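Below is one structure, written out as structure tokens; comments come after it.
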Amino acid sequence: MEEDKKSASRNTKQKGEILRVIRDAKGPLSVKEIHDISKKSIQNIGIATVYRSVNHLLESGSIHEIQLPGESSRFEISHLDHHHHFHCKVCDRVFDVEICPFPMENLPKGFTLDSHEIILYGVCSECNNSSK
Ligand SMILES: [Zn+2]
Ligand SMILES: [Zn+2]
């Protein structure tokens, strides 16, 4: 029983840490990226633990899944303001972009809009700087 309690509190701590990693990120993260970052703060954390925590966080609604075409799933914190994603083709990371370039008005008469998705592709500032 003691062991169970200990491992349960460890799981809670790891889940909290993984949530922090996702919250502090500049954009949605893949499980591999979450694993790479959380390794720095959680000793010996395995990819299976990251998967498990991500699933728990998904079920509880703390995070949600972002699926970009042809990419593995990424995860970001729920309830962010409206934003878009910028996919860097050099480092393969995805960044949040706060601007929305799509005019919400000017729709044809009688149309109402629920949502839209725009994905921006290019090179991030880090990759642009390192190529100079
Ligand atoms: Zn980049
Ligand atoms: Zn938008």
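Even glycines carry a Cβ here, placed using N, Cα and C.
Look at TrEMBL and you will find His82, His116 tagged as Fe cation binding site. Around His82 (Fe cation binding site), the same-chain residues at least 6 positions away in sequence with a Cβ under 8 Å from its Cβ are Cys100.
According to its DSSP assignment, Cys91 (Zn(2+) binding site) is coil. Around Cys91 (Zn(2+) binding site), the same-chain residues six or more apart in sequence whose CB sits under 8 Å from its CB are Cys124, Glu126, Cys127, listed in sequence order. The feature Zn(2+) binding site is assigned by TrEMBL to Cys88, Cys91, Cys124, Cys127.
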Spatial neighbours, same chain, of Cys88 (Zn(2+) binding site) - Cβ under 8 Å, 6+ residues apart: Val94, Phe95, Gly122, Val123, Cys124, Cys127
Packing count at Cys124 (Zn(2+) binding site) (other Cβ atoms within 10 Å of its Cβ): 20
